[in-house]
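Record features (TrEMBL):
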COMPBIAS  19-34  compositional bias 'Low complexity'
COMPBIAS  35-47  compositional bias 'Gly residues'
DOMAIN    60-95  domain 'EF-hand'
DOMAIN    127-162  domain 'EF-hand'
DOMAIN    163-198  domain 'EF-hand'
REGION    19-47  region 'Disordered'
REPEAT    233-319  repeat 'Solcar'
REPEAT    327-412  repeat 'Solcar'
REPEAT    424-512  repeat 'Solcar'
């Protein structure tokens with residue numbers, strides 16, 4: 001038999017007779033299978049469950065429940081706090097995030113003392129089992145008391161989430177105890193009993209882990225947040241953590257970013273700027289501090305861009321007529337691309353300022369405001385939107401390829417290497433994200449280069465006013481196709497350190513803000 005992810009102690013604590021086909025009344029009357037309506041906590045009653053077997057007697061249930069409670073009560077004070085649950089469940093092989101543990105305690109804590117006594121613990125299991133029973137019934141399309149891969153595929157498809165049958169089998173394997181590749185009520189309950197999921201969207205998020213953070217490129221497809229995360233304010237903690245991680249990551253890789261901009265604008269066949277030569281030129285012209293020119297406004301634009309993108313994404317989801325937390329891939333692409341376009345349009349003048357500040361010579365501007373005043377006075381308001389069209393066009397291939405490659409890589413890994421779990425793990429997600437982002441950048445890089453050159457027109461002495469099409473033709477004629485990828489090397493050099501730094505900072509900021517990965 002396959003190894004079950006549910007601890008043997010958890011598997012044996014509840015009566016295995018619970019029938020998902022009973023009526024609502026039967027479900028209520030058989031709640032002794034999850035510990036009894038509080039009577040089991042005192043060992044009284046002795047009423048039988050729907051199976052009528054002695055195993056359902058309250059005294060036997062009480063013994064099992066007390067055994068589990070004592071296993072979890074690591075400090076032996078007769079109550080379960082978050083620390084007790086973390087350590088106790090860890091010893092049973094059930095690892096939960098701090099957010100999950102807080103939800104368990106909050107759901108069962110009737111006297112609001114921040115912990116669960118035995119009676120509260122029994123009531124929590126009883127109430128949670130009822131919710132799990134309802135979810136099980138909704139997934140059991142054939143009404144045969146078992147869930148198979150096709151039923152999971154169909155149920156998720158009804159919610160707008162498309163997965164393959166192989167992915168559904170991975171989900172089944174994580175719960176399947178006897179190798180039948182179907183899940184009965186007992187296996188379902190044992191697996192989810194001590195995890196605070198209460199509905200299908202939450203269970204989908206439990207099955208599908210995701211990571212979101214900013215590494216300095218346009219993140220065009222935002223992550224979805226659960227209803228609870230939006231209601232409790234956890235969403236802004238995720239955004240703050242992502243923004244903080246992005247600020248640190250961008251600052252650490254700013255020299256490579258500035259070198260990329262210089263190579264995009266100034267490198268040519270006659271001026272074949274290399275990486276070492278570019279760094280030497282920057283330091284000779286303005287000292288070591290010049291390596292970070294343009295980084296200030298690059299960091300400042302993270303907050304407004306992230307906030308606008310998130311708000312626009314939520315509104316667009318409503319506009320396209322879905323209230324599901326998990327969107328179909330094409331819906332995510334559409335909503336993400338439009339949200340990215342709206343956010344970029346809102347902060348685009350800051351993009352132009354960032355490019356001008358990165359290209360400025362020592363003493364040319366006293367700061368960002370002085371740079372903005374000079375551009376406005378000499379070139380007018382239109383200068384703040386130079387390169388806008390190629391920038392908007394670049395969002396579509398970047399978002400589409402990034403999302404498609406990410407989903408393909410993740411699903412391929414799950415189908416080939418995930419044996420007992422549907423969770424790919426954070427490092428696999430990081431690798432998939434890095435590769436998909438790189439592919440997205442490759443596809444959209446020529447548009448990004450043209451955008452940067454159009455933004456920098458005034459900084460190139462004697463440069464004529466050109467259109468996007470004219471600039472493409474000029475680059476291809478004078479530099480060949482390779483000219484459209486100037487600065488690609490430093491751009492790719494910063495990907496791995498940016499991802500690594502961003503991940504470390506993001507995870508630490510989430511812990512500080514009280515947010516754990518799902």
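Here the Cβ of each residue, glycine as well, is placed from N, Cα and C on the backbone.
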Within the domain 'EF-hand' (127-162), count helix residues (DSSP H, G, I), strand residues (E, B) and coil residues, in that order.
23 helix, 2 strand, 11 coil
On the DSSP side of things, how many residues of the repeat 'Solcar' (424-512) fall into helix, strand and coil, could you say?
74 helix, 0 strand, 15 coil
Helix, strand and coil residues within the repeat 'Solcar' (233-319) as assigned by DSSP:
73 helix, 0 strand, 14 coil
Over the span of the domain 'EF-hand' (163-198), count residues by DSSP class, listing helix, strand and coil in order.
19 helix, 2 strand, 15 coil
